[in-house]
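Database features, via Swiss-Prot:
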TRANSMEM  67-89  transmembrane segment
TRANSMEM  129-148  transmembrane segment
TRANSMEM  186-208  transmembrane segment
TRANSMEM  223-245  transmembrane segment
TRANSMEM  279-301  transmembrane segment
TRANSMEM  311-328  transmembrane segment
TRANSMEM  349-368  transmembrane segment
TRANSMEM  388-410  transmembrane segment
TRANSMEM  417-436  transmembrane segment
TRANSMEM  446-468  transmembrane segment
TRANSMEM  481-503  transmembrane segment
TRANSMEM  557-574  transmembrane segment
COMPBIAS  584-593  compositional bias 'Basic and acidic residues'
REGION    584-607  region 'Disordered'
Amino acid sequence: MPLLEPSATAYGTFGDMRPDTEDEGERLLTDGYVSDDDGSAVTSVDSVQEGVRKIEAINITWTTRSLVIAYISIFLMAFCTSLEGQTIMSLSAYATSAFSKHSLISTVLVVQNVVNAVIKPPMAKIADVFGRFEAFCVSILIYVLGYIQMAASTNVQTYASAQIFYAAGSTGLQILQQVFIADSSSLLNRALLALLPELPFLVTVWIGPTIADVVLENSSWRWGYGMWSIILPASFLPLALSLLLNQRKAKRLNLIKERPHHRRGFVAAVRRTWYDLDIFGLALLSAAVTLILVPLTLAANTKNGWKSNSIVAMIVIGVVCLILLPFWETSKKLAPKPLLSLHLLKQRTALAGCCLAFFYFMAFYFSVQPYLYSYLQVVQGYDVATAGRVTQTFAFTSTIAAFGVSILIKYTRRYRVYVTLGCVIYMTGLLLMLLYRKEGSSPLQVLGTQVIVGMGGGLLNVPVQLGVQASASHQEVAAATAMFLTSMEMGGAVGAAISGAVWTHNIPRKLNLYLPDEYKSEAGAIFGKLTKALSYEMGTPVRSAINRSYQETMNKLLVLALLATLPLIPLSLLMSNYKLDKMSESSDHDDASPRNGLGPGERAKRT
């Protein structure tokens, strides 16, 4: 089956997308849709949200040419976002140096992780409520505003707030790209197509720093940020036109019927939007995650530490919000269309997949981000370029592994075996890290462990997402994808916060313990500035004390990473081993096998 074929079974109520079929109305009726007496207008049952109705109607109108154009645009957008990500890594140091204030940046990075976690569900809701085209436009707008604000920022506070806008826009694009791929592809092809946004990284990881150097030599870091506010919208144009033109085509064919509530007044529209987007649920989720995780990084730098009234108050309020969240989200009266489709977690496959993503990414933030780069420079003595390449090895190898496993899934029609295999390799790589990430280890040993962990991550990530999507109905495909990606980002946010707390608590204490007496007063400066730590020659008592402090702290993080991966293999075995070529996306109860496209009631084959 070709990767892009309009007649392919897609994620939705429509089993086949044939725009020229004469009996279109009859086919749609058999698929559970309601038609006018003349058979011309098609609407879904009232429970299906407007954005889902739009994309299902658009799916009928796709031609091979328009679908190829849409996917080319997805690739262009992914290439742009990947390239800018690699470019601004080199620009951020110059930007923060221009403000002569670095203390706020570490906290902003944690807030970015929180934004990445909480923005996916509301963006998925916007896609379901208003439409895919509208949601893409919102993400692009937020993204562009973030970059304009960064380019024009005159102080670190403005720069920090701009980073939050940027995080919201970029992570919104991430979820929407995956939702679009799920909308327009069959399960067998989805694993391969879902990798499309990741493929540019194989190239951009090497050329991004070069572009940053050219920008800095010929212009300024401000233009390095501002130019993406022009480039990204341009890359979105082909997809925007494809979605907009096919949506208009569907309206001309009378496949999208306006509902009566669309003609109601402003108050009714606001009330419906409040419930559709679950505004209060979003506020609870954001407050819970932010107020619990951010204090973990602030406590070490606060005067009274964990005894500070502000730290305690934030954590208490965050915990209260976290306790209230499931009650709110499961109340049909308060949240008739909840932000988090927690009932999806009643399905074993979805629950296991989301938990697996959480622990997998938590372990990543213990072992690779955010302190491996500093560790390699200080303890291993690597230069900037070498440390950067070793750190980037994980993403490079995981992308290659994900591409390989996507091809295997397409031809073996199974996914769970690769999840379990990926978990085993991932855990093995972390164990080898604990054994070989030592002072004096050879570059081959350090690099080899990164390659193994990257292979494991690539093998398990794509199949797990596929399994979670396969367990959901089309009305909930965006919600299921958002739940999976949110679980992953939540794991990353928790991992980043805990690793930050471990690092900030242990390094200063160990420096005060191991540094020669005459250098103990330098402990704060050594901890606060990487350049200060690197200024001492290898082999001197001071550098040996610094290296020992870094090494012992890194060992603690690696032990935490191993502990975080203990549930991975059992969770992988809890996921249903769907036979992907025998199923379509329809799941009505706990682990019910989605039905295939051959007829109602026919079960997918599972083992």
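For all residues, glycine too, the Cβ spot is worked out from N, Cα and C.
The stretch from 223-245, 311-328, 349-368, 417-436 that makes the most Cβ contacts under 8 Å with the transmembrane segment (446-468) is 417-436. Of the candidate ranges 67-89, 129-148, 223-245, 417-436, 67-89 has the most C-beta pairs within less than 8 angstroms of the transmembrane segment (186-208). A contact between the transmembrane segment (349-368) and the transmembrane segment (129-148) is absent, since fewer than 3 of their C-beta pairs, 6 or more residues apart, lie under 8 Å. With respect to Cβ pairs under 8 Å, the transmembrane segment (223-245) is most closely packed against 129-148, considering the stretches 129-148, 311-328, 388-410, 417-436.
Away from its own ends, the transmembrane segment (388-410) comes close to residues 188-189, 191-192, 194-195, 198-199, 201-202, 205, 209, 364, 368, 372-373, 376, 382, 418, 422, 443, 446-447, 450-451, 453-459, 461-463, 466, 580 of its chain (Cβ-Cβ under 8 Å, at least six residues beyond either end).
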